[in-house]
Amino acid sequence: MQASQLINSLKFKQVQPALTTDFDVTMLTQDTREVQPGAMFIAVVGYHVDGHDLVDQAIEKGAKIIVASKPLDVNVPVIYVENTERAMAILADVFYGAPSQKMRMIGVTGTNGKTTVTHLIEQIYRDQQQATGLIGTMYRKIKDEKLPTANTTPDAITTQRTLAAMRDAGVETVAMEVSSIALVLGRVWGIDYDIAVFTNLTQDHLDFHKTMAKYTEAKAMLFAQLGNKYSADGTNKVAVLNTDDPVGREFEQYTAAHVLTFGLKPDAMINAQNVEIKSHGTEFDLSVFGHVTHVTMQLIGQFNVYNMLAAFAAAYASGIPEDQIIKSLEKVTGVKGRFQSVPSHTGVSVIVDYSHTPDGLLNALETIQDFATKDIYCVVGCGGDRDKTKRPKMAKIAVEHSTKPIFTSDNPRTEDPTMILNDMVAGVPNADVPVYEDRHVAIAKAIEAAQPGDVVLIAGKGHEDYQIIGRTKHHFDDSEEAAKALALKPTID
């Protein structure tokens, strides 16, 4: 693509020196390791590295034009903008030919449930014989091909490149997790969402947003942009909102799109009544504008009823018949690391769950309480370099809602694991909770002690197959560790 086309896509900018001869831009990147001759290098200020400090490296490797927000002394044209991350999103959308406008885009935001909801949506549309794409915490997926991802919502270039690959592969519908951080940083600018889904909002990411008010504002941005200038047709946009959460009602005021509500309360357009949670699944009556159908799903827990309602509403908004949506949802067995049962012949039930927020942990434990008949073990830790105020809250929830809590490390990152655990212990001063810094030991101890009929919840990491210590990822999989510990116990026929 010609440099002039990219420059013209940015309304407010300065180009120094002025471009006298146009040339072809071969690629966009913010990573000097990726730079190829003819690249446009975008200098982004990151958490640990400032791209402006790497501009000379990028030019040495062949970058022909730079996007920056700080003064530079270089011998190639520089496009100066206020915010390079947001500029990157617009440039990527233009460079890759606005791929989101060629597919049905369903964005899902909220504190908990995004991964499960996007996977449920993907299953529904696959059963409609549609080619699907998925972008989220676990991976990016183009039809059946899975690609690794580093963030819930990748950077704008990666996202637009992925969407372009989906478009070129014939994908018709994309289910995409949209994080609050991505919304604030402008990573999804230029993406033309058709349906935006809100799951819930509870405490998370306050290390980034600082306050719940700012966190709420970040989530609201997804709904405010429905029908924005990027939309080819704003009249068919739909906001799918959980109105059991007061924030859902608030978001109604932020969007000009059509609104479809869901929840357990009967005032929601799509709601669930008579919920019955069992050890092997959940049953309820689904009401869609008053039309009631009994649903039996294999997913367990009230929180999964909300996830199912969100996915149902998103599919319903695009015209898929009720009975076909229900058929798809009833056959889903689960998502890796989301209230995932580890195979066991020991009489001990082991569940691995990604619950890394206070509300997520509470949901998981309350669900277990609905069917547990004996002791509940809860192996839980808190991440380092993240919101410290969650630590005492999660510790308190573990102590109050399980009979055998155990505190351990999660991803300590650059923090001292002992200090993280001390923060947790401080939240339950009157409790005597075993503490094992080594997560492997904590899991092994819990499963070794558990007796037939007991339930062991391993919380916090879910699908992750690594543990971050310092800045290094080490292989670690909660499901694998649980399986090893279970193998050492006697089996029960």
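Start at 1 and count along the chain as shown; that gives each residue its number.
Including glycine, each Cβ sits where the backbone N, Cα and C put it.
Counting every protein chain shown, the Cβ of Thr115 (ATP binding site) has 23 other Cβ atoms within 10 Å. In the three-state DSSP scheme, Thr115 (ATP binding site) is classed as helix. Annotation comment: Swiss-Prot describes Gly110, Thr111, Asn112, Gly113, Lys114, Thr115, Thr116 as ATP binding site.
The Cβ of Lys219 (N6-carboxylysine) has Thr109, Gly110, Ser180, Leu183, Phe198, Leu201, Val247, Phe251 as same-chain neighbours under 8 Å, each 6 or more residues away in sequence. Per Swiss-Prot, N6-carboxylysine is recorded for Lys219.
Within 10 Å of the Cβ of Arg386 (meso-2,6-diaminopimelate binding site) there are 20 other Cβ atoms, across all protein chains. The feature meso-2,6-diaminopimelate binding site is assigned by Swiss-Prot to Arg386, Asp410, Asn411, Pro412, Arg413, Gly460, Glu464, with sequence analysis given as support.
Swiss-Prot lists 410-413 with the feature motif 'Meso-diaminopimelate recognition motif'. The list of residues near the motif 'Meso-diaminopimelate recognition motif' (410-413) in space but at least 6 beyond its ends in sequence, with Cβ under 8 angstroms from a Cβ of it, reads 356, 381-386, 420, 439, 460-461, 464, 467-471.
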If you take the centroid of the Cβ atoms of Arg386, Asp410, Asn411, Pro412, Arg413, Gly460, Glu464, the listed meso-2,6-diaminopimelate site, which other residues of that chain have their Cβ within 8 Å of it? His356, Gly381, Cys382, Gly383, Gly384, Ser409, Lys461, Gln467, Ile468
Counting only residues outside Gly110, Thr111, Asn112, Gly113, Lys114, Thr115, Thr116 in the same chain, those with C-beta within 8 angstroms of the ATP site's C-beta centroid are Val108, Val117, Glu177, Thr199, Asn200, Asn307
Going by DSSP, is Lys219 (N6-carboxylysine) part of a helix, a strand, or coil? helix
Considering only the binding-site residues Asp410, Pro412, Glu464, which residue has the minimal Cα-Cα separation from Thr116 (ATP binding site)? Glu464
Identify, among the binding-site residues Gly110, Gly113, Pro412, the residue whose Cβ has the fewest other Cβ atoms within 10 Å in this structure. Pro412
Row Asn112 (ATP binding site), column other C-beta within 10 angstroms, all chains, value 25
I'm trying to understand the geometry here, so how far is the Cα atom of Gly113 (ATP binding site) from the Cα atom of Pro412 (meso-2,6-diaminopimelate binding site), in Å to the nearest whole number? 24
